[in-house]
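Trainee: Take a look at the following structure, please.
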Amino acid sequence: MAFNPTPRQLAALKAAVFALSLLPFFKLVWLTASDQLVEPLQYITRATGDWTLYFLCITLAVTPLRRLTKWNWVLKLRRMLGLYAFFYAVLHFTTFLWFDHFFDLAEMWKDVLKRPFITVGFTAFVLLIPLALTSTNGMVRRLGGKRWQWLHRLVYVVAPLGILHFWWMKAAKHDFSQPILFGLIVLALLGVRVYWSRAKAAASTRAAA
Ligand code: HEM
């Protein structure tokens, strides 16, 4: 039988996911404050980039998990997980802007245009902004379910751009193992959606015939 938490259990689960998702952030704060990082800029940029990608993958995994397990309640965690992807993306971008460019926007812009892997990362980040801004119940109502859903399909573009950004960065070092692994994860998470939507279209064609 599918696990179906009571409202109290669900609230506890949400609180646990909220707290666990903050652990990487607190780890970074602690490592920085206790002066344990040899190259803090590089470490923080990489760790926040990694966690943005992890949360994007976890958020994309919610729908397949719900379909495979019939745990409908996991949908109630999706918004929080998506917002954590945005939270780590903001930290990632801020680290870059702060430590790489000391908040010099003109310099940052030059860098964004000059280095293709940063152009791609920046595009992914910009596309995440409308998703975060429209994540409230009020915005869902204001936009209407259908339009909101279409807008939030932008995440299907953001995740592959994140992979391309990662791939391009690692290409300079000829080290593709992690971009390939995450590329396959994103491909599977998007591929299963294409498969299900085709199966649904085929079933409705059969029903109509
Ligand atoms: C959705 C958006 C983004 C995702 C998913 C993402 C993800 C990543 C990942 C996974 C890495 C590699 C970490 C590692 O080596 O383990 C990385 C590195 C990096 N990212 Fe992003 N990123 C995003 C947006 C951005 C933006 C907006 C910028 C700056 C404008 C940026 C700048 C960088 C830089 C400079 C590095 C390399 C640091 C180094 O060479 O050590 N990224 N990013």
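Placed from the backbone N, Cα and C atoms, the Cβ positions cover glycine too.
TrEMBL does not curate its annotations; it predicts them automatically.
Dumping what TrEMBL says about this protein:
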DOMAIN    49-162  domain 'Ferric oxidoreductase'
TRANSMEM  12-31  transmembrane segment
TRANSMEM  51-69  transmembrane segment
TRANSMEM  81-99  transmembrane segment
TRANSMEM  119-138  transmembrane segment
TRANSMEM  150-168  transmembrane segment
TRANSMEM  180-196  transmembrane segment
Trainee: Find the member of 12-31, 51-69, 119-138, 180-196 that has more C-beta pairs under 8 Å to the transmembrane segment (150-168) than any other listed stretch.
Mentor: 119-138
Trainee: For the domain 'Ferric oxidoreductase' (49-162), what is the mean per-residue pLDDT, to the nearest integer?
Mentor: 96
Trainee: Restricting to CB pairs under 8 Å, which listed stretch, 12-31, 51-69, 81-99, 119-138, is in contact most with the transmembrane segment (180-196)?
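Mentor: That would be 51-69.
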Trainee: What parts of the chain pack near the transmembrane segment (81-99), using Cβ distances under 8 Å and only residues at least 6 beyond its ends?
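Mentor: For the transmembrane segment (81-99), the list is 17, 21, 24-25, 40-41, 44-45, 48-49, 51-52, 55-56, 58-59, 62, 105, 108, 118, 122, 124-125, 128-129, 131-132, 135, 155.
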Trainee: DSSP-wise, what's the residue breakdown of the domain 'Ferric oxidoreductase' (49-162) into helix, strand and coil?
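Mentor: In the domain 'Ferric oxidoreductase' (49-162), the DSSP-based counts are 101 helix, 0 strand, 13 coil.
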